[in-house]
Amino acid sequence: METLVHLLNHYTYIILFSMLMLELIALPIPTEILMSYVGYLVYQGEINLILALISGILGCCSGMTCSYWIGKKLGAPFFLKYGHRFHLGPERLNKLSRAFNLYGKRLLLFSCFIPGVRHITGYSAGITRIPYRSYAFFSYIGAVIWVSTFIGFGRILGPKYKLIESTVKEYLVIFIIIIGILVVGYYMVKFNLPKIKFIILRSLKFLYIRFQSRFQLKLLIACTVIVFSLLTSLMFLIIDAYVDQDYIRFNHNILTLFRAMPTDVWHPIMEQALVLSKFPSFVVVCLLTLLWIGFKGKQKEIEIKLFFIMLVGGMVFVTYLPLLIEKWLTKDGLLNLNYATAPNKQVIMVFILYGYFMFLVSRHLNMYVLKIFINVVGLILLFIIGVSHVYYEFQLPSDLITDYILAGIWLSFVIICLETWRLIIITNESLRQNKY
């Protein structure tokens, strides 16, 4: 191992070029680790970033070109007969052919990120007679993206890149699935854009125009009940995870990623986000909520009453529910919870209050585009506030997820009560008008 590191340190460009070329011809070499280490050498100033990128990209392009022409010259009959000996049998060829037919040549842009696929993509493209210009255009761009990503990754993380190596490999499959979903989603949107745009705008106008009619109120209540039920189910899944202690590895992996983040970039952002969960910010949002109800509220008395019920009941809810769960789990010796790291009452209350404020603001605005903007920005803000507590290790990631779920349960319950009360008032007023 020391010999390999010594060679890599002294012949970086040659080894990087050779390893990437050989991997894309056939050899299963863990080049992601190699490229991240090269990025680390760039960080240390031992090699030049531009030369490293050029060496890596040329190695990729050379391997891709060789595999393409080998596949094209040998043809399908050879691989159908002998391909199973080097993992390129008829089944794999058929799968890749279907993938090319479904996603087009643009699949080549991301094939390098998929282990086991990048080794055979060139052969498959040659066998299926994809024009070389098209193949080269997309695959070479994919090579640039792939090499730049991992070398840049190692350079940004510097000496911390080793910390995340195992974590990245563990979640690589999830990353690939997400990329695949994004690619499929992109093409679905691309080919159905006018229809999708019409449906979305029509739906949003329907959902975000004031909930004044009884039908729309019933729809809002029904949707909130569904959210409440889903979050309650999630809470029981979280309890099962605590019992089985599945959260330990998850917490370790997430904290490893956070510890590897460059502090000079993220520290100012997280510090500001942390301020938003402090008591002064809590008081400010309380006052803003009351002012908004007084300024724009429709049934002001109901909204103010539910606001105080939300606060007082929320404090009771977040104080005693975790204790009940702990008592239930430890009653039969199922689990010994360490409540030094547990759901954070203050964070849960911040999520509940911010969520209620967002709901009231978006509910009483007239412009549905502005409603969407408020909700999107608010959700991003809540996410960053939660992440800041994990970043400073005030909470474990699994506990933060519990915070979100508990806050969502209580907030959805309050909204159900508010809108049901509002529906009763509107129904009574309608009955009185019909009577007279």
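Cβ coordinates come from backbone N, Cα and C, glycine included.
As annotated by TrEMBL, domain 'VTT' applies to 29-155. Sequence annotations record features per position, and here TrEMBL assigns transmembrane segment to 12-29, 49-71, 137-158, 170-189, 219-239, 273-294, 306-325, 345-361, 368-392, 404-425.
Each of 12-29, 137-158, 273-294, 368-392, 404-425 was scored by its Cβ pairs under 8 Å to the transmembrane segment (49-71), and the highest score goes to 12-29.
Long-range contacts of the transmembrane segment (273-294) within the same chain, counting only residues at least 6 positions beyond its ends with a Cβ under 8 Å from a Cβ of the stretch, are 300, 303-304, 307, 311, 346-347, 349-350, 353-354, 356-357, 360-361, 364, 381, 384-385, 387-389, 392. Taken as a whole, the domain 'VTT' (29-155) shows an average pLDDT of 78 in this prediction.
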